[in-house]
Amino acid sequence: MKYCPYRACPHRQRVGAPAEFMDHVSSCSDCKTPLVDSEHEAIEGIAPTSGDPYRGPAERTKAASGRRERPGRKDVAIGAALLLAGLWLTGLVYMVRSSQGTYIVALGLMIYGAIRLLRGLRERGAG
Ligand SMILES: [Zn+2]
């Protein structure tokens, strides 16, 4: 006697036990799965291919690492903000002819912002 090991076999779904076949039969008449010789092996069975347990966790890990923030992202944001603030202050100084001190602060902000922006971009490229 031979048995169909496929767990999702239509016959098994219907009867609740592996389909049984004569010894000269090589594959299940319901699901075309190659038959096995022992009933125990058939009951252990072959899992349906749809829910592959080896692919699931790996895919989840990949998705999780994709969502993780890249290094340097904060630096890029802060650098860009400081550059904009410096440009805005420079424009303000130009418009209201403010003191030299404000101009130096604006220049400092822009330089510091540019450094952080470049550092962040470099870290992004490396990561
Ligand atoms: Zn079958």
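Each Cβ is built from the backbone N, Cα and C atoms, and glycine gets one as well.
What TrEMBL lists as compositional bias 'Basic and acidic residues' is 57-71.
Taken from TrEMBL, the feature region 'Disordered' covers 45-71.
If you look at the transmembrane segment (76-95), the same-chain residues 6 or more away from its ends with a CB under 8 A from one of its CBs are 102-103, 105-121, 124. Feature annotation from TrEMBL assigns transmembrane segment to 76-95 (among others).
Here TrEMBL flags 101-118 (among others) as transmembrane segment.
With a cut-off of 8 Å between Cβ atoms, the residues of this chain six or more beyond the transmembrane segment (101-118) that come close are 75-76, 78-87, 89-90, 92-93.
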